[in-house]
């Protein structure tokens, strides 16, 4: 019967019925004259979520990882240099992808738990007087560590260095849950997916590309066909797709955008913040530490939480799953065994969050963690209770 | 977004996806030769849940109230005497129905919170030496008070008085959640519905009738057509229905019976007991009182809980709904304003129950109830935690 | 794989995805403050479909047969006289129900294939100078014979006889598919159901009652509780229900009313007429005869078609089901073996109708009916083709 | 209301309810211990459909085009030579993809309507004594022309030339609908997708790779990350995925494999052949010509049909969509304007096919094609009727 328990992984997220129904659309003809009326408003509607007026939205039937590959193959050439900071599993994987595509990757190593180091980026960019660096790659929200980086600061660093590199940003686990300002931050390509803040099934990579990024396509010689921006944009222009489109996800996205608009993006962000803060109060109640090193880095979509010395976080998430039928995020990469994660994004309420906190609290008690039942839950309850009035509208 | 919160009314219950899909069957021809293969195994499969081998299962497209009407109109005649004890809203309503159908209703008034008074039944039956009383009506689980009565004791009273009256039992909110033993208890008609332990949508009354009840049809002159047992049984015999059947619910019931069989009825009952006991621990943690007067009366499907003096239970349930988007049962009839109810039946897990307890706890704190956050939740957590091993299989 | 074939029984009808999704709503609390916002607009919205401004809409979790029982038990008393014409299976069943409820039924026997005999009603009513007759019962659309009666003429006959009897009308298989004018026709109670023109699952009886019918409740002594108008109206007034409401069907009805409004009732009727006429052209193409005796009686929701002498209609419908996986209506009552029926109502298109016609044509050829393949289909194609322009909007 | 009409494009196909439900699974944790029990049997179960015991099944969240890209990037290096015949839109596109990935493509130009030219392949391979050609690329079923090629003959040609090139085959629109024998035909990589014979939504590329193809990975230097076989195989081995898996499609595939097994692959192929032959009879009835040049090339999943001289096939498909709400395949590439296509694959019955034939027949009549209504439909009816007995089981 555990299917009815919510899950607390940082995506894919709990899908609301309304979106499950929207995605259950029977097959329609993607070459029929009316498909254009479906596709173009969806692409256009994503712009507000990306915070862009000048960007171009492009979608592929793929996961977010496919979106990354599209971002680099459409803008870079073999041997090009890119600058990346490694501070978690997803920045690590993006580095690996770049290397496998023959890029020269300059890596800034950071602690896991830190955010994008704007100052060290600036330093590196200033040192690159020949402008060998073609792109700076940043992960907005490190899903592995629960760290949200300040993209505006990275842009500031690039501007301070007066460097023309492209700014490519992974916002897979932040978009539609936390504020994202593509235009204001000067992001050239933002990469996201359907299965996080959009509350849909996995299977659609969603990107937004700036005019500067699109211009870079002309010189980019990394091979690409499936992920080619130009093919996609040309087909999209007349409502088509260069191959069979993921119809169900396009209809799902149409409805997701409606849901986000009905709640209001500001309310969506406020709701995520409130739920995240409730989780953080519980963490404090348990006397545990977040992986994120400081409050300004706290992610509103996922919290990575160190287990006490002598405990194995994998044993905790395993136990929670087997004993109570609830999924939490395991520790990834360097955090494996050291931290577990609570995803708190998408279609979620304070009530659902409390069931997750109550569950992991029981699991910790079962495994003799030095906590008392109620330590975390009551702290979250108190916060939810007292913060409710301010955000009642969004929680309704 | 509150649609994803579970609800804690004592039925209709949270429906699992598997049953929602089963009920979404496209229209099929109920006069087609294959309908018989669907209907008859469903009727037959219900027998085990009713605890009967000799009873006949009959279903109508109606609510449980319609099932009650079927029970009396198929077995009684205008002016007939019936014996009923009033100890809650549902026994009260059944009395009202009998009176409106021209029956002579002998009412034993009991406290709300008490169960069926076997001793007073026996007294009344012994006094009825002419056997004017044609039927004894008992509500197995009083949904308004959270009281489960002992039907076996009532049968004992009837046998002790050597009285031939029929025993008609309302098991709407107990069947498929708590043990029911139609044959062992000598029940003549048991009345239930689709929307409680069967975890389906509302719309199907489900009855089981003993041979003795069926024999009573010959003399019963209360008018009936829609609810006529004989029409239904004759049509059913060849896989038909005397009018359009509720196809979606029949397919839903087929799947529900599979789910109950896969979990195992004993495990289903054990799971309900464990969830109910968790709720009762929380009630004790809050220092509140159940309406049910003593432990042997505690229902495993719903708990009715007195609010402290000076508080209004309606304000509490209203607040929980408006502030947190969670539905709890209001106080009905005499309990209106005095008690709220927590439904804990159907497709439910300990994790879901904790979210309900955490929510009502916040609501009580908001309204300045004399409780501390965590008082109830942690008591339930502790019980769920320590009772888990014993029932791990059913909770999985 | 036959599940994807449309079915051609005269209800329940093929359900569109949109309504299947609407009916898949997760359980909500029917006692929550927001239920009133759902229920009342639904009841109100049905008025336009019934063609009434002064009538009161009442719904029960039951089939149409339950609606009939509600109609008579709320307005009549044991021994009351009612006037009914028998010209098909459904008028026959209503007569049977009245007799079993102790009414004195004056029956006008008509040929099956005829409609309601206004002249003979007038004669009987004029003869009833003492006004013993309390109600005239008429089946608007005889589903067994494919005959639509003229209710306005019946009202004319009643007025001509200056008779105060109530006019109770069964519009189960006509409402929302063919024009119905409750107010204009002076109908006192109109009885319908969810599973025909409303395109929903079976399980909701829908009635509209005139003020005169409601006034008759005061004197009506037939016993009723489940089907009591007064209980229902009192509960509905505040958004409640006297027992558990069929939530899924109420949400379904809300969406059905939206669909009907979006297409426009006039367009819905025109579409049904066009589909029906296509079927009739096919019947003529086969050289077969309709049961309905004359064109003004032709139903736009179902056609009953005589098989040639020497053939058994049951063998035909059986064969179509077994060989091709398509359900057609069997011949009912007097028509059993003599006629088969094609239902053409609800969510249906010309394209779907053609698949039904092509199928039954193959089935007839298989059984050596004196027809040629294409005889009927091409006649329907020609009609659909040439009639398309006029009704393009509604077929879209 | 046109949503209920079947569609007749050659994929994505009409999805049966059973698979729509399977794909509606709520989000589950792909890192939970039980995911392995879901994924591995699905991958394993696909082997039978591919006709392989030694091949390895790999799936990506992508369309079939993504599958092609995976096939070449995992086995080839920039500058490698491949041999391809161009005889339709999909072979054309694969050529384009190879060129954009820097491969040296030797193209054998064929008429559209022809199949893979085994003799010319043999000639080219014999001429390649230095074994420059690393792979032969063949489209099993050319969806644009309705041509099925004989892959066994191509393998014969390769063997006759004693050439070690890999054999890569596009079976997107044939797999699970027509026999495919990977092992018998010596196919090295077979590429398919979820949205055709598997009757699922678009979004999952499904490949099977021979040990020889897997060995080629070691030397293949085309850049790849998202589509890397090795990453995928390593993750899959322990039930994982290198990134978020398309959970809904994996569950859908599990159910699709069950459906295929229940019907029996041989019966699935026989059903497709029968439906296709019915369509071909209709084409002959209309006096029209198939694009496929000879009977052994006729595809059982899609028929491309030349319109008469002076007519534009786009006008026909447009009209059918606008006037009757039914989608047919447009003419692609060289066939644009010259031919329309009828898809007849996936979850389809003879009854559904007849509705498509009746519709396109009306559309042709509307546009003054030199045909008579009934010409095609009755020919198909006659064939379906007389061929029914032999394949009754599969049509049921």
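Cβ atoms here come from the backbone N, Cα and C positions, even for glycine.
From a predicted model like this one, the values you see are computed outputs, not experimental measurements.
The domain 'Aminotransferase class V' feature in TrEMBL is assigned to C:46-284.
As annotated by TrEMBL, N6-(pyridoxal phosphate)lysine applies to C:196. Listed in sequence order, C:10, C:11, C:12, C:13, C:172, C:173, C:174, C:175, C:176, C:177, C:301, C:345, C:346 are the same-chain residues at least 6 apart in sequence whose CB falls under 8 Å from the CB of residue C:196 (N6-(pyridoxal phosphate)lysine).
The 10 Å shell around the Cβ of residue C:341 (substrate binding site) contains 26 further Cβ atoms across the protein chains shown. In the three-state DSSP scheme, residue C:341 (substrate binding site) is classed as strand. Annotated substrate binding site per TrEMBL: C:341, in sequence order.
In this model, the domain 'Aminotransferase class V' (C:46-284) carries an average pLDDT of 97.
Residue C:196 (N6-(pyridoxal phosphate)lysine) falls outside any helix or strand according to DSSP and counts as coil.
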